[in-house]
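**Student:** Relevant sequence annotations retrieved from TrEMBL are reproduced here:
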type	residues	note
TRANSMEM	C:16-38	transmembrane segment
DOMAIN	C:20-525	domain 'Cytochrome oxidase subunit I profile'
TRANSMEM	C:58-83	transmembrane segment
TRANSMEM	C:139-163	transmembrane segment
TRANSMEM	C:184-207	transmembrane segment
TRANSMEM	C:227-249	transmembrane segment
TRANSMEM	C:261-281	transmembrane segment
TRANSMEM	C:301-322	transmembrane segment
TRANSMEM	C:343-363	transmembrane segment
TRANSMEM	C:383-403	transmembrane segment
TRANSMEM	C:415-435	transmembrane segment
TRANSMEM	C:474-497	transmembrane segment
TRANSMEM	C:530-551	transmembrane segment
Amino acid sequence: MTRLDDTALSRRGVLRAAAGTATAVAAGTAATGAAAAQAYDGWFSGDAKGGAVGNYDGTTVDRTGTDEVTIDVGVDANGGTYGFGPAAVRVDPGTTVSFEWVSNTHNILIDAQPDGADWGGHDPIENTGFTHTHTFDTEGVYTYYCNPHLTMGMKGAIVVGGDSGGGGGGGSDQPTVAADYGDWFTKSADGGATGNYTGDTTDKTGTDEVTVEVGADANGGTYGFGPAAVRVDPGTTVTFKWTSNTHNVLVQAQPDGADWGGHEPIENEGFTHTHTFETAGVYTYYCNPHLTMGMKGAIVVGAPPSGTTGGGGGGAAGSSVSPASTLWTAVFAGAVGVAMLVPVAVSYYRRTPAPDSSGAFDYEPGGDTDDQPAIPEADAFEPDTELGHDEYDPVGTLSIVAVYFLILVGMWAFTYFIEFLGNGPTIMG
Amino acid sequence: MTHVRIHRFEKLWLGAAFVLIVAFIATIVYGSLGPGVAMVGDDGGTVNPDNPTAADNFRDPGVYQADDDSYDVYVEARQFAFSPGTSEPIRVPADTNVTFHVTSGDVTHGFELVGTNVNTMVIPGQVAQLTVNFDEARTHHIVCHEYCGPAHHAMEGSIEVVPQSEFTPPQQAAADQSEVTDT
Amino acid sequence: MTFIDKFPTEAKLVRWHFGVGFVALAIGGLFGLVQALYRTGHLRSLLPINAAQYYTVLTGHGVLLALVFTTFLICGFFVWAVTRSLDRPLSHPRLVWTGFISMVVGTTLAAITILNGFAPELPFGSANVLYTFYPPLQAHPAFYVGAALLIVGSWIVGADYFLTYRAWRADNPDKRIPLQTFMVLATFVMWYLSSAGVAVEVVAFLIPWSMGWISQVDPLLTRTLFWYFGHPVVYFWLLPAYLAWYTILPKLAGGKLFSDPLARVVFVLFVLLSTPVGFHHQYTDPGIAEGFKFIAMTNTFMLLLPSLLTAFTVVASLEHGARQRGGSGYIGWLRALPWGKPSFSAMALAGLVFAAGGFSGMINAGMNINYLIHNTIWVPGHFHLTVGTAFALTMMGVAYWLVPQITGKRLQHRTLAAIQPFVWVIGMTLMSNAMHRGGLAGLPRRTAKPLFRGEGAAPFDPVVGTISEMQLQIAIGGTLLFVSLALFLAVMVGTWLSRPGMGRLSVNGSIPSALSGPADSPRILDNLKVWTAIAVVLVIIAYGLPLYGMLADGVLAPGSPGFPV
């Protein structure tokens, strides 16, 4: 039902499904049963009940190792204050989770929980400042949502148990790649120091579409890649989106067998370049005109070495604009456009007067001058019979308005006495 | 002063028009005197939208019994739920005078019981006060009919009118906002 | 002499106003089609919008059609009417250009904020507030600034109508005001009095509030100021249509206006009664005592009088034309009318549809019966008949007749033009009847998905018909309306692209004098100063006490902060 509804305009199609399945399978074979369920079975997408969850980025935040965890209810997300923060979290069995309301009009209703679990959620609508707590003993996946904002995508999930280290990345068939860029981001390498590289690699594993901004504010102007360093899963499609002018993407180094060509021509704001990174390893790249300013970036493809938080399953598939429907829309719009343009084209063609059109001439407004005549009008209508004021009695009009009067009276009586007074309970005071 | 020359037919129509206008106004006056239809007015008073329950013209949302056969229902409308009404239906007994006090905690909403004439605007800062007598035991669907944001179309609730014999009076301590622990 | 030859500067002003208005009509009409298909669920999956963006489309549709298209068309149309009836050029055309530019700038600002709903990369923020922009929902300040510039621009344009009249009066001290100019002045007197309300709302409250200079506004007060303007604005739209029906339509029918004095009486009644009725849009508002609503109701019903009188006078004028063309019988004369002429049929059909729209308006006005249909889809059903047909279709008819005269070009694609009004009426009949019946069943208005809850139509229980059949009629009707609009635009663009001087125009701009002329009416009718004074007194009576009550507890209290949307 909700294919297009309530999602941002994103194109998540076949690619996402395939990539999502690949990472989910890779994650699942390596981990325990509880971890495999991290795919959440599409809970965060728009295919489940409610809207797609904008603030679920595919990762399950790891809050194991502590026995008190807080989840904010009503964080800024999904077009308003319609998010659980974080949307998906993993905790140890026996952890007490505190749900703290940070904005108004929310509740917590349970979608599903493991057999034997006894969490009741919190039905009544509450406002900022309210707290609900529950100690999660039973292992498994709990999915929950906020009822008034379900359509906006206010959904969450808690995973209780499962191994806490290396989440989705511990499998033997998942390559681990350390985020080692050497001195790439310093000025010892080509170009200037990259001011917006903080030393951390932004973790975008677990999602199969990642965007890197080209020309972000950094390095004394709009000379940055945002983020400068990012880690993705193999098979991820990275979209490089130009947000300012005069940049390109040249590849400095990439793993053996990788085939990324970058984008050599200089482009301006609005341009996008995409590439699906299959080969694991470290890719470094830069923008040529701004290399000296430090406009450099790096992409690490592959799981981090053990000890860091892994990604969740590919469950964040948004509802897709099906290829068929965009085709139909395009066909329909095209047909309408053509239909409207045909008469216009015909008129344009008619600008050249036909050889036998009478009275045609080159015209400038201003009327009757010596050089050119004015535009002639049709003659005024001369009636066959002239009806003066005293000889005219509008009997037809009288008949018509008499009928109209009767219709008005009848419709009013019907609407007032039957529709209105018969319409059930009315406000009496 | 020149006299306006009006054709006699038009004079006739002018008279008919006046009759129509008077008849319409008379019907409406009848409606308020006979069946006793009253308009939502300013009897609900005003509140502070940030804290509606601070004044005494608005209490914590819920159903309260006023006396033997009258009840008060306090409803707060927010983006995008009625409280009560959305997560749990409002329950009132039939054949009693139910007075709704409706206000908004954020933007302007609407409050209408579909298929009835119970229909009001819900404006932050104002309390809409309306008294209704439900003579039939059935469920009514509450809809918000004033645009209030992106999920406006999903904002709805329900009210269950139950026979008096089946109705259990509400706990006065309902909707305790200071509740912390919940299992 | 053709208008463009006699008054080339004024013709250019009219062309530009009409041009901008038609662009707004085209975009707003497209949005309407998207809405009809989305809301009814037909082809919803093909539309490139989501539920939240439906409200962006709705805001665009309302603003572009009800505020932009109308204001530009009216200002341009009135330039023609004043110039033609006084038979002299405007005294300060630069003033009109200034007003025009202000309106264009304002429209552009507002349009950018609205389009932000689809493209957040655009400058300024978004304005998904609908054309009534009720606080505490808050748009980006550029939206409110744009609205203010639009209104103020129209004031500036209007000033030149009065200045031109004053110049004419200096040369013609004893003559009665020609009827068209009288109508223009009366409309604008009412417009100045009524748009003051929304100007105060926007300039004194909404702009400072959206800029963050004040932290809260009183939603009830701002709503009341809006509806102070919001009812008379419909007469700002209707009176130009009446001007066309009273002065142009009889000539197109081949006859003469039945009574000039009664036309003046009608317009005077509108000057007096248009504004003190705004509370009938707030019948279900808390915070306003029932007594004030009752006064608004009686005033509103008095407003039926000028419209019912118009019905008689206009039909009598048509009958006069029909009989002069040889028609006979009680009703048979209708067939003698020139239904094949697009300018005639558009205006006449618009008048017929207005008779139906007038009835649903009577229900809306009926204070307690308003409960039945308040904020249901009956209300859009009503106003698509009135502004959507009586105004819009009439203006299309005016365009068919006037555009050749202001461009010197023959109307192109006459066959398309001839069928266009009929397609409009068929589409409108389907859509509007379903909307009225849907409203009686409780379907809400301003709602992206009225059957959202997946119970389907269960809560909405029509007595006659089914919800799905109504939805289908709305979808089909809306599509036909879009087709009709496309036909109209094709004719206009085709005419615009053709060359002037390709031959004799097939329209004639002269307007015969009325059967019963202005000399048959008291001079006091022309004394707009008296009528304005009385109108102000009536407004004070209707609004003085309630506004005082709202201000007395604090100009900004009980106040709400903004909820950006």
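The backbone N, Cα and C atoms fix where each Cβ goes, and this holds for glycine too.
Give me the local environment of each listed feature.
**Tutor:** Per-residue confidence over the domain 'Cytochrome oxidase subunit I profile' (C:20-525) averages out at a pLDDT of 93.
Long-range contacts of the transmembrane segment (C:58-83) within the same chain, counting only residues at least 6 positions beyond its ends with a Cβ under 8 Å from a Cβ of the stretch, are 3, 7, 10, 13-18, 20-22, 24-25, 27-29, 31-32, 35, 89-90, 96, 99-100, 103, 107, 110-111, 114-115, 117, 127-132, 147, 150, 154, 157-158, 161, 164-165, 180-181, 183-184, 187-188, 236-237, 240, 243-244, 247, 387-388, 391-392, 395, 398, 402, 406, 446.
Counting same-chain residues at least six beyond the ends of the transmembrane segment (C:184-207), those with a Cβ under 8 angstroms from any Cβ of the stretch are 74, 78, 81-82, 133, 135, 141, 144-145, 147-148, 151-152, 154-155, 158, 161-162, 165, 177, 214, 217, 221-222, 225-226, 228-233, 235-236, 239-240, 243, 267-268, 270-271, 274-275, 278, 528, 531-532, 535-536, 539.
Among residues of the same chain six or more beyond the transmembrane segment (C:301-322), those with a C-beta under 8 A of the stretch's C-beta atoms are 242, 245-246, 249-259, 262-263, 265-267, 269-270, 273-274, 277, 333-334, 336-337, 348, 351, 355, 358, 362, 365, 515.
Among residues of the same chain six or more beyond the transmembrane segment (C:415-435), those with a C-beta under 8 A of the stretch's C-beta atoms are 36, 340-342, 345-346, 349-350, 352-353, 356-357, 377-378, 380-381, 384-385, 388-389, 393, 396-397, 400, 469-474, 476-481, 483-485, 487-488, 490-491.
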**Student:** Looking at C:139-163, C:343-363, C:383-403, which one has the highest count of Cβ pairs under 8 angstroms to the transmembrane segment (C:227-249)?
**Tutor:** C:383-403
**Student:** Residues of the same chain, at least six outside the transmembrane segment (C:343-363), with any C-beta under 8 angstroms of its C-beta?
**Tutor:** 241, 244-245, 248-249, 252-253, 301, 304, 307, 311, 314, 318, 337, 369-370, 372-373, 378, 381-383, 385-386, 389-394, 396-398, 400-401, 418, 420-422, 424-425, 428-429, 432, 436, 507
**Student:** Find the member of C:16-38, C:261-281, C:474-497 that has more C-beta pairs under 8 Å to the transmembrane segment (C:530-551) than any other listed stretch.
**Tutor:** C:261-281
**Student:** With CB pairs under 8 Å as the measure, which of the listed stretches C:16-38, C:139-163, C:383-403 comes out on top against the transmembrane segment (C:474-497)?
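**Tutor:** Top-ranked stretch among C:16-38, C:139-163, C:383-403: C:16-38.
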**Student:** What residues elsewhere in the chain lie close to the transmembrane segment (C:383-403), defined as a C-beta under 8 angstroms and at least 6 residues from its ends?
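**Tutor:** Residues 3, 14, 18, 22, 25, 65-66, 69-70, 73, 77, 80, 234, 237-238, 240-241, 244-245, 248, 252, 342-347, 349-351, 353-354, 356-358, 360-361, 409, 411, 417, 420-421, 424-425, 428, 431-432, 435, 488, 491-492, 495, 507 contact the transmembrane segment (C:383-403) from elsewhere in the chain.
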**Student:** Near the transmembrane segment (C:139-163), which same-chain residues lie under 8 Å Cβ to Cβ, leaving out any that are not at least 6 residues past its ends?
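**Tutor:** Distant Cβ neighbours of the transmembrane segment (C:139-163) are 67-68, 71, 75, 78-79, 82, 90-93, 95-96, 98-114, 116, 124-129, 133, 181, 184-185, 188, 191-192, 195, 198-199, 202-203, 206-207, 210-211, 564-565.
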